[in-house]
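What follows is a single structure, written as structure tokens, with notes after it.
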Amino acid sequence: MTHEPKTRPLAMIVDDATTVRMYHRKLVEDCGWDVIEAENGMEALERAAGQVVDLLLVDVNMPVMDGYSFLRAARASADLAAVPCVMISTEAQLSDADKAFVSGGNHYLIKPARPEQLRPILALLTPEVRT
């Protein structure tokens, strides 16, 4: 399989809520990223196969496979082990953020992520584009 050379970094947004995915997609694309989406952790693992993903933006509470389980599986996979992850949740307790970090998350934001929160993270994490 040959890949087209990338000109923009690729983010994967994983959230079961369509409107939230659309909102976050707009924010991420406006910062110069391409986006692929998944509705749950299991679908995200399938969609990531064969992709060079540069950032994971993951909801915590989802059906089929929640964000914590997805992230543990992602950290165990060769393709996603080192990909930075922003966990996003409606859960605002410190223990929720701790659980996200223990699962392998790099950042934790309360849903919906506001532009002034997400843009600096995207700027910090924008990689050299890989092919």
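Heads up, the Cβ atoms here are built off N, Cα and C, so glycines get one too.
What TrEMBL says about this protein:
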- 10-126: domain 'Response regulatory' (DOMAIN)
- ASP59: 4-aspartylphosphate (MOD_RES)
Inset, instruction - Compile a sequence-ordered list of residues in the same chain as the residue listed as '4-aspartylphosphate', six or more apart from it, whose Cβ lies below 8 A from its Cβ; state 'none' when nothing qualifies. - result: VAL14, ASP15, ASP16, ALA17, VAL20, GLY67, MET87, ILE88, SER89, LYS111
Legend entry - For the domain 'Response regulatory' (10-126), mean pLDDT (0 to 100): 92
